Structure formats: C-alpha cells, structure tokens
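Asker: Please read through the structure below; I'll follow up with questions.
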C-alpha cells in the first residue's frame with residue numbers, strides 16, 4: 001500500500017509537470033527540414049517499406065534499436081519527403097551490424113540497441129550530418145524531441161509523407177514501472193512521454209532518436225498500442241549507458257561486451 005501511494009503521488013507530480021510543459025509542445029507536426037540531418041530511415045529491399053528510424057552518429061555509423069534488424073536492410077539518409085527527393089539523398093547498406101553480447105538477444109528493458117557500420121561512408125551535406133553521442137546522462141524533467149516517419153494515428157496505420165516531430169517530457173523511471181507491469185527495479189532505459197496523453201512515438205518510429213536539450217539521449221524501444229494513451233509513456237534505450245561500448249566498436253575493438 002505504501003508503494004502504491006508513493007507511485008500515485010509521483011504520477012500526480014509528473015502529470016502536473018507534464019501539463020505545464022505541454023504548453024510548449026511544438027510537435028505532432030511536420031519536422032523542420034533542417035532539424036533532422038542525423039535522422040535516417042530503415043527499409044528492406046524486398047518490401048521497400050520504411051519500418052524504423054535510426055541516427056547517424058558519424059559518417060560511417062548508424063545507431064538504432066535491435067528490434068529494427070531485418071534481412072536486406074537499406075538505409076536512407078538525407079530524406080525529408082518520401083515522394084520528393086532531396087538532391088543530396090543517399091542510400092547505404094550495412095557492412096557490419098553489432099548487437100550487445102554479439103547476439104540479437106534483448107528484452108523490453110535491456111539491450112535493445114544495434115550499431116550499424118555503413119558499407120560506404122557518407123559526407124556532410126545540406127540534409128545529412130551526424131549528431132554526437134551524449135556527454136552526460138539526461139535529467140528528469142527535460143523536454144525532449146522525438147521524430148520519425150511512423151504512423152500519425154494512434155489506432156490505425158497512417159504513415160505520413162514527411163517526418164513528424166513532437167516534444168515530450170523525460171519522466172522518472174518509476175513512472176514507467178507503475179505504467180508497465182514487469183519492468184525491473186533498474187534498467188538501462190529512459191521513460192519519456194506526456195502523461196495526459198496525445199503525444200507519443202508510434203508504429204514505424206522504433207529505433208529513432210530521443211533528443212534532450214540538444215543531446216542524443218535515447219533510442220525508441222517500445223510503447224503501448226494504441227499509442228499516446230494517458231499515463232502510458234514510452235520506453236527508450238539509454239544511450240549514455242552504452243557510449244563506451246559504441247566507441248570501442250568504432251575504434252576497432254569488436255570483442256567488447258555491453259554493460260551488464
């Protein structure tokens with residue numbers, strides 16, 4: 001009973017904060033074409049359907065979620081509209097893919113991360129540029145930016161032509177524990193959303209970035225369906241917990257293991 005009261009009070013406090021912060025929300029609309037130069041789209045050569053997003057972290061490497069892995073992945077960089085091609089759009093295929101513990105094993109709360117080495121590097125251009133790994137973990141209460149080409153309807157699949165962006169709040173992990181049964185006491189994930197609902201990542205946005213105070217802090221891992229439900233924030237892989245693993249692989253130490 002004590003735990004229930006504590007979590008209830010925490011939810012009330014977080015909801016109060018979210019209601020104030022929601023007045024600042026820009027999202028739910030088309031992203032500015034200049035704000036997502038690091039955002040990439042993943043699709044398969046067979047279906048040609050975009051199923052995930054990812055983040056360019058340097059000219060040769062993309063970070064996304066392990067649940068986005070498919071055979072014959074193609075990676076589209078520099079894209080805004082699916083139907084109107086930018087002059088500097090480029091397509092790449094993976095040269096190598098790295099998972100934690102050299103496997104594809106992950107859970108809803110751990111190790112949902114995939115590092116992709118591109119077969120050919122890309123150059124910076126008007127619509128392509130990497131974003132750095134975070135210098136420090138994010139703080140609860142931060143306003144964070146989500147983006148992607150995922151469905152814009154919470155109940156049916158309705159993929160937009162252009163990426164949509166929204167601002168959500170970084171919440172205490174205990175909020176996600178209260179909202180989603182089965183989460184452990186600790187995990188290498190972030191909890192983010194708008195507790196009164198209406199703003200959320202959704203189907204097709206997996207693997208995309210969570211940008212908090214200008215830093216790349218999270219990778220969309222999972223959420224509930226229908227999307228955008230009240231008191232049901234999303235779960236994001238915590239990038240700052242994996243920076244050492246990422247940097248080691250990029251430096252050539254491919255035998256490095258993920259944090260426990």
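Glycine too: its Cβ is placed from the backbone N, Cα and C atoms.
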Asker: Considering the residues 83, 123, which is the one that Swiss-Prot annotates as N-linked glycosylation site?
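Answerer: Among 83, 123, the one Swiss-Prot marks as N-linked glycosylation site is 83.
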Asker: Taking the Cβ of each of the disulfide-bonded residues and counting other Cβ atoms inside 10 Å, which one has the highest number: 31, 176, 202?
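Answerer: When each Cβ's neighbours within 10 Å are tallied, 202 tops the list.
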Asker: How many other Cβ atoms sit within 10 Å of the Cβ of residue 227 (disulfide bond)?
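Answerer: Residue 227 (disulfide bond): 23 neighbouring Cβ atoms within 10 Å.
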Asker: Looking only at Cβ atoms, how many others are within 10 Å of the one on residue 258 (disulfide bond)?
Answerer: 20
